[in-house]
Amino acid sequence: MADPPGCCSTCATCLLCPYSCQWITAKKEKRKGLRTTKYDCSWFFFLFGIFLFTLVWLYFAIIILNDFHNFNEFIFRQKKLWLDWSLVLLIATAVLISYSSVLLILALCLQLCGQPLKLHWVHKILLILTALVVAAAFTGLGIKWAEEWKSARISLQATGPFLHIGAVGGMTLLAWPLASFIYRTRSTGLRVFLLLVYCAAMIALYLAPLGITSPCIMEEKQLPPKPALVGHRGAPMLAPENTLMSLHKAVDCDVQVFETDVMVSADGVPFLMHDEELTRTTNVQSVFPERAALNSTAFNWTDLQQLDAGSWFLERRPFPTVQSLSPGDRKEAAEQRIPSLGQALEAAKQSNISIMFDLRPENHSDYQNFVNVTLEVILQSGIPLQQVLWLPDGFREDVKQQAPGVQHIYGRKRLKNEMEPVMHVNLPYQDMSSEEIRQYRQDNISVNLYVVNQPWLFSVLWCSGVSSVTTNACQVLKEMKHPIWLLPSSTYFMIWVVVDCVSFLVIIWAFFLMRKCSHRTRPAESETDVLLTKINSLMQE
């Protein structure tokens, strides 16, 4: 194992104290003759693995922020507790990655100083707990939120080139402590093993761009038009969802379509509401406490009009943007009521935007009547039928007969040998690849993907050629005049070659300098060994 050569006593103490939880100076360590054993090395490699594990989880945590509002709604429906769990996720992840990063940096600095890597047992226990927590997080993600694995795959199209540069840079910096260890260790087998592993990793990283694909690697002139924006329940970051205020805020964000959800009251009035229960977005528990758990369709329109559909938005703050609302917007939000479909259609007609909606719940025994009542309201509203985008699959043929001008949006991909061609599809963004989007675009099929909130995701779909996206963050995506990044293939190739060449030269330089430093210490060590051998021989005589 590695011998601990001399090191600045103060620096060694500062490094050893937090890593080994012992206040031991470098001189004392040298007198004790402590060295980094194979057992210590195994714990270092375990620490390095935990760092990479938590780093991957940090990446996932950032990616799933796009969909985290859905998780908050899920927890509320299960536990009736509202909390922005994304803050909990980010804080916990930051603590784990910071802890493993600090320990790894300490270990690498200790190795450069030639000090023993005696990891304290408290750190060992905490590292094991970190591994279990992150493993549990990944397991839970795979069981309850499996579609996020697809989100991660899509995210690599946005981050792949930059992850490659970061990985090459990190592994290049690792050459310094690695070279220090290799030139100090006495184990030839371990030295060869580490060199082979490091070389294999670097070769894989150098060639990684061969497998990196992204729709944003293209010429500027090839960039498709910016996707149109569809307001998911309006502009839910700026106003209470599924209210007239939310519709008007969406119009201010230049959305072309107001996406909403429709239910039908007990007395036959279609109204805007997403959840089957009213508890999340109204004060039904205060007004009708004994009926709060009933389905939304169990209330008549008179009862629904008594409910406050805006105060919850100010109290629970479903998005951080609520804090920045003006006093006027706060007052308007507090005054919101549940709008009827007729009111929403009138507002959409006046604003000259389309309206797209689902009719819920589709498993209701009186669903056909819901369809007929909804169609009747649409036809009476006077809105141009081409501005109505119909999502429900139930009784679609009846809708085509009664309102032939309505545009039909399908929540599935097109089928082979389809009798009637599908012209508009509405799917989760995870369900369509960039290649499929391009093919649909070539075939003049409009593709709307939901729910897209983060600029990186919007950029990837923009480069892919998607027609429109449904979003909660229309005020953010409205301001985007260009994808976050766009690189011609020739420019990306040049960056790839330059990064790999610079990395290779730095690694060679690191090994050369560390070898030179190790040769300087060896004469002094050899003279000491000769002197000790002579003293030992004289004592034996």
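Cβ atoms are placed via backbone N, Cα and C, with glycine included.
Under the heading domain 'GP-PDE', TrEMBL lists 227-481. What TrEMBL records for 41-65, 85-113, 125-143, 163-183, 190-212, 493-513 is transmembrane segment.
Contact between the transmembrane segment (85-113) and the transmembrane segment (190-212) is not supported, since fewer than 3 Cβ pairs fall under 8 Å when only residues 6 or more apart in sequence are counted. Ranking 41-65, 125-143, 163-183, 190-212 by CB pairs under 8 A with the transmembrane segment (493-513) puts 163-183 at the top. Between the transmembrane segment (125-143) and the transmembrane segment (163-183), fewer than three CB pairs separated by 6 or more residues in sequence fall under 8 Å, so the two stretches do not touch.
Under 8 Å from some Cβ of the transmembrane segment (163-183) lie the Cβ atoms of residues 2, 108, 111-112, 114, 156, 191, 194-195, 198, 201-202, 205-206, 208-209, 212, 495-496, 499-500, 503, 506-507, 510-511, 513-515, 517-518, all in the same chain and six or more residues away from its ends.
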